[in-house]
Amino acid sequence: FEDCPGTTSEQAGKSASCQGCPNQKLCASGATKAPDPAIAEIGEKLSTVKHKILVLSGKGGVGKSTFSAHLAHALASDNTKEIALLDVDICGPSIPRIMGLEGEQVHQSGSGWSPVYVDDNLAVMSIGFLLSSPDDAVIWRGPKKNGMIKQFLRDVDWGDLDYLIVDTPPGTSDEHLSIVQYLSSTQVDGAIIITTPQEVSLQDVRKEIRFCQKVKLPIIGVVENMSGFVCPKCKNTSQIFPPTTGGAEKMCADLKLPLLGKVPLDPRIARSCDEGKSFLSEVPDSPAAEVYQKIVKSEFVFRKRPTQMSIVQSVTRKGQNKSCVT
């Protein structure tokens, strides 16, 4: 509904635009204004997680899952740290393949779902582990996606973690609102925004940055992926995707955001992902691996951010929340 006042506004279920909406009675009753009790439960569940980082991008195909996986691998290279990677890309879960965990299943224990482990200090959770085949399509509306994300955060036995990396789908829709809302009672470090150099990507990434600003999600910084191709023999760099408008560097300068690094194209990254291996372990001396290590050591990634998020006021203003459930 174009003129939906928002499910938590004072006019919810009462305005003229609510006529004909199947949820009019529910909104008018005031039930939608009550905070979801799961938010407090998730806050308690994740109280033992020191750092929580979301990997976002408004554009698909820029390498969010690849970056998330290798960020997790890079952090887990320190055996004193406990790392977990959560895949909330409900319709396109590629993390099981990238992490070499296809065919694995989630097990239930007395303390909740047990994540799947790549190494002793690297745990992974994805809806891909719940599908009978990696080719199965997940055809869900928003509410069911939201319920799955809630279950991942509340019912998985994460244990004590140093880092929880959350890989998200492209866009600024259901999954993004859900993950931010459910984490609103926790202290989230913020988001790492992934882009590629060309303007067609940057245009959508700017929308993702606006989303973060609206929901008061801190932005740790931006990573430019596929940033040139470094020849493994002559070491010369070619621009496969030319930064016609200045790339991420200019965007970050304009928006006053940190540029965490530029990861060059390397065919060996794609091969490693297809084979379920860590590119950082396979080719540790490559230019791309060096950039990943630089990002991990960045003060922006390691710095703790005490500010809590406030999402409800930002996204439920009149005209902002169009998420009536049908």
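Every residue, even glycine, has its Cβ placed from backbone N, Cα and C.
The annotation [4Fe-4S] cluster 1 binding site is assigned in TrEMBL to Cys4, Cys18, Cys21, Cys27. Annotation comment: TrEMBL describes Gly58, Lys59, Gly60, Gly61, Val62, Gly63, Lys64, Ser65 as ATP binding site. Residues or ranges marked as [4Fe-4S] cluster 2 binding site by TrEMBL: Cys231, Cys234. According to TrEMBL, the domain 'AAA+ ATPase' annotation covers 50-221. The feature region 'Disordered' is assigned by TrEMBL to 1-20.
Around the Cβ of Lys59 (ATP binding site), the number of neighbouring Cβ atoms within 10 Å comes to 21. Cys4 ([4Fe-4S] cluster 1 binding site) sits 58 Å from Cys234 ([4Fe-4S] cluster 2 binding site), counting Cα to Cα. Checking each of the binding-site residues Cys18, Cys21, Cys27, Cys231 against Gly63 (ATP binding site) by C-alpha distance, the shortest gap belongs to Cys231.
The residues near the ATP site, meaning same-chain residues not in Gly58, Lys59, Gly60, Gly61, Val62, Gly63, Lys64, Ser65 whose C-beta sits within 8 angstroms of the mean position of the site's C-beta atoms, are Ser57, Pro170, Ile194, Thr196, Ser201, Asn225, in sequence order.
Candidate binding-site residues: Cys18, Cys21, Cys27, Cys231, Cys234. Nearest to Lys64 (ATP binding site) by Cα distance: Cys231. In this structure, the binding-site residues under consideration are Cys4, Cys21, Val62, Cys234, and the one with the smallest number of other Cβ atoms within 10 Å of its Cβ is Cys234.
Less than 8 angstroms from the CB of Gly58 (ATP binding site) sit Pro170, Gly171, Thr172, Asp204, Val205, Arg206, Lys207, Glu208, Phe211, each of them six or more residues away in the same chain. Neighbour counts were taken at the CB atom with a 10 A radius for the binding-site residues Gly60, Gly61, Gly63; the maximum falls on Gly63.
Ranking the binding-site residues Cys18, Cys27, Cys231 by other CB atoms within 10 A of the CB puts Cys231 at the bottom. Of the candidate binding-site residues, Cys18, Cys21, Cys231, the one lying closest to Gly60 (ATP binding site) when CA atoms are compared is Cys231.
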